[in-house]
Amino acid sequence: MWYVAAAIEHAFGISLWITTLAYLVLIVQRNSIRTLYKNSPPLLLVFVSIFISAMVYLCALPLWMLISSQLLSSLNRQTRLVLVVSLFSQFVRFYYDIATLTLFIRRILILLFPLKPMRTVTKYQIYIVIAINFLLLIAVALMYGPIVLNDTTPIPPGCFSPSCMAQLRDSRTEFTVYLRLALTAIILAVGTVFLVVLRKKHFMQKTTFDAKVNQIARYVFYLRVVLELLPVVVDMVLANTVQIALASYVGPYGILGYTIECSIGTLFYCRIMSKKALLPQTVNTRSVRS
């Protein structure tokens, strides 16, 4: 992996996360957190996951830039710090995936059952998301805790992302990769169902907010396909045909793709929500329960 390419990607990622934070601040200024939760609990979960991701990656990316430029030595304490930040960045990506999956499921239910109250379903969805993320956090701590405490193998020269650290190149990491691929496949499958249902039930959108959230969810699905699925497929094809690792030429594209997805997603929300009404507003506020 080239240092210049990695440094440019990390710097670009930092600027995108700062921009994403600015979008999130703008969103909260326009609508309070309570209003966001009342309007769309899954969408608020997505925003929370993006905010946590921004905090983590704004710590991780500068840290990698310092280490790769040899301004920060790879000693025991620094290695442990990089490991902890890298593992937590994996966890917050799982959180984002689960929140995205919850958003798609929620939109499908509202389109299929527009007249049924969703308050009870909302509570169960929130509880399930919290429980899954809590279990994931415990699993990550149990799987990698001994490594963080005992294995202080220095970060090798020319290593600019967690994927090339010796501590993260074992069966545990392979399991994490397969879990991410499985979760991505589930998200794409549920997202495809959402698009099909939306196409058939678009007339069931009772309010302007319903239409806008459906539009945002549709863009989130497209971003996932373009920025995560396609690069992984291309990487696998190149690795199995001509034995070329895509990351060796374009750097940590996975981190950059996730960063772009979060940044564009928050930008789309700001743009779409600032547009004029697409549908006439309904007087019955109970129908706004996305």
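Cβ atoms are placed via backbone N, Cα and C, with glycine included.
What TrEMBL records for 12-31, 43-67, 94-114, 126-147, 177-198, 219-238, 250-270 is transmembrane segment.
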In contact by Cβ distance (the transmembrane segment (12-31), the transmembrane segment (177-198); 3 or more pairs under 8 Å): no
Dominant neighbour of the transmembrane segment (43-67) in 12-31, 94-114, 126-147, by Cβ pairs under 8 Å: 12-31
